[in-house]
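Novice: Just dropping this structure here.
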Amino acid sequence: MNLICSILPKKEPSYLKLWRKQVIYQVLTDRFALDEDNFYAKASGNLYLGGTWKGITRNLDYIKSLGCTAIWISPIVKNISETTDCGQAYHGYWAQDMTQLNENFGTEEDLKELVNAIHEKNMLCMVDIVVNHMGHAGSKPVNFLLYQPFNSGKYYHNWQFVQNYDDPHETITGWLGDSHVNLPDIRTEKNEVRKFFQNWVSDLIKRYQFDGIRLDTAKHVEKSFFPTFIEAANVFTTGEVFHGDPKVVGDYQKYLPSTLNFPLFFQLRETFLDPKHSMFSFYDKAVLDVRHYFKDVTVLCNFLENHDFPRFFHETKDIALALNALTALIFMDGIPIIYYGQEQMFDGGSDPDNREGLWKSKYNTSNPMFRHLSSMIRTRQNLVETYPEFTYVLSFQLYIDDSVYVFTRPGVIIAISNEGSTSSFKVEIDLKEHWKEVPSSFTDILTQKTIPCKDHKLKIKSKSGLPKILISSDPSFL
């Protein structure tokens, strides 16, 4: 394989092989699509805006046209109904009843029709699940009788907000939230609680035919909870471990198949929003450290945006920086996640401004960012189909300096920089040092220009700080 690092497949659940091939599109159900088109309906705020499962079903072709192959939807269970100082539970993370659906999103039949429609389009469906906590509005004492099935105080840790998020005990037993909305912390260490969740998730997967799970606030749940829960679910599960240190997050992969790649997320934001941030540092922290501390980086879920952080375009209007960051996201080791609205260059700030109604974009598929992103995603999917080893062969560094990083994966060479649209770069790489067979030319997928490779030397030139995604003209060059 010519110096390219790989993680050879071992005996593992079949769902890992399946999910390595995916590009995930994250949807906030309330904010993606209404039952009927109304492009001028309210599209901001912290109240329910009317997005539904039917709305997603009607607009699956939009996601499909972007090239994404899996859809992650919001938590589906019934949430508290109060309007709090922080708004309503439109996001789905303030549960009240684990045994009922959130009627704001639709009916059981609507949900089943959505998952079935996703499958008919040869896509996968991932559901967001919260096992750590319930939701409570205001500062008054909690009436635990209102919750199902955990309708007694004995199922919850004593009230105390988390103060030190680096303290393992406090992180597990403390409550999240504040005096406006606090989140009663479930005693997930109790056997009867674990048994409920095992039966519940098994039934949930069978009833709705979900293909995967995103496990919210996994950092706040005992690690010993996960193995039996994962066994009961028997589908791909990625956990939210909100921490930038790969040593901290990587330890969770001993208990979970996958985690969200927060270490990469923070490095992507720092590197591509600050030209002073060295690519050497990016490579050390986002590539080498992640490989060192994680058991299998090929199943980590990578992201540049999500519902908890300001949009990338809120921090910069430089399209070149965004394209470079997205190129890294899509082609680095792991499974890419696109947060809805990235393709429309949404630029909202902190919650709830980063949770815009997508209908305000009129689901435009002709804008430059949508086209560029679609081209990248489809290129990745073509590589997955052409090179069976693409999903487990790790990226290999070809060149690096303070502002430019060039790496390769089967069938493609990627060059990214973080100096923005006012910059340019030029790199020459002798491919003979890395491969026995060297193609005569490459195609730049963003410009569709052919780049010759003379005497085994590839000259990569970029104007306006744009990334280079170079596809070999010879499929056997690896």
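Backbone N, Cα and C define each Cβ position, glycine as well.
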Novice: Of ARG31, ARG58, ARG355, which one shares the substrate site with TRP94, HIS133, ARG214, LYS219, HIS220, GLY244, HIS307 in Swiss-Prot?
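Specialist: Checking ARG31, ARG58, ARG355 against Swiss-Prot: the substrate site match is ARG355.
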Novice: If I go by Swiss-Prot, which of ASN104, ASN116, ASN122, ASN132 binds Ca(2+) 1 at the same site as ASP185, HIS220?
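Specialist: Answer, per Swiss-Prot (Ca(2+) 1 site with ASP185, HIS220), from ASN104, ASN116, ASN122, ASN132: ASN132.
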Novice: Around HIS307 (substrate binding site), how many other CB atoms lie within 10 A of its CB?
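Specialist: HIS307 (substrate binding site) is surrounded by 16 other Cβ atoms within 10 Å.
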Novice: List the recorded positions among ASN132, ASP216, ARG355 whose C-alpha is within 10 Å of the C-alpha of ASP308 (site 'Transition state stabilizer'), in sequence order, or say none.
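Specialist: Those close enough are ARG355.
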Novice: Measure from the Cβ of LYS219 (substrate binding site) and count the other Cβ atoms within 10 Å, all protein chains considered.
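Specialist: Looking across every protein chain shown, the total is 21.
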Novice: List the residues of the same chain that sit at least 6 positions away from GLY244 (substrate binding site) in sequence and have their Cβ under 8 Å from its Cβ, in sequence order, or write 'none'.
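Specialist: Listed in sequence order: PHE262, PRO263, PHE265, PHE266.
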Novice: Around the Cβ of ASP185 (Ca(2+) 1 binding site), how many other Cβ atoms lie within 10 Å? Please give the count over every shown protein chain.
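Specialist: Around ASP185 (Ca(2+) 1 binding site), other Cβ atoms within 10 Å: 26.
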Novice: Quick check: which same-chain residues outside ASN132, ASP185, HIS220 lie with their CB within 8 A of the centre of the Ca(2+) 1 site CB atoms?
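Specialist: After dropping the recorded site residues, what remains is HIS133, ILE172, GLY174, TRP175, LEU176, LEU183, ILE186, THR188, THR217, VAL221.
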Novice: Using C-alpha positions only, work out which of the recorded positions ASN132, ASP185, GLU240 is nearest to LYS219 (substrate binding site).
Specialist: GLU240
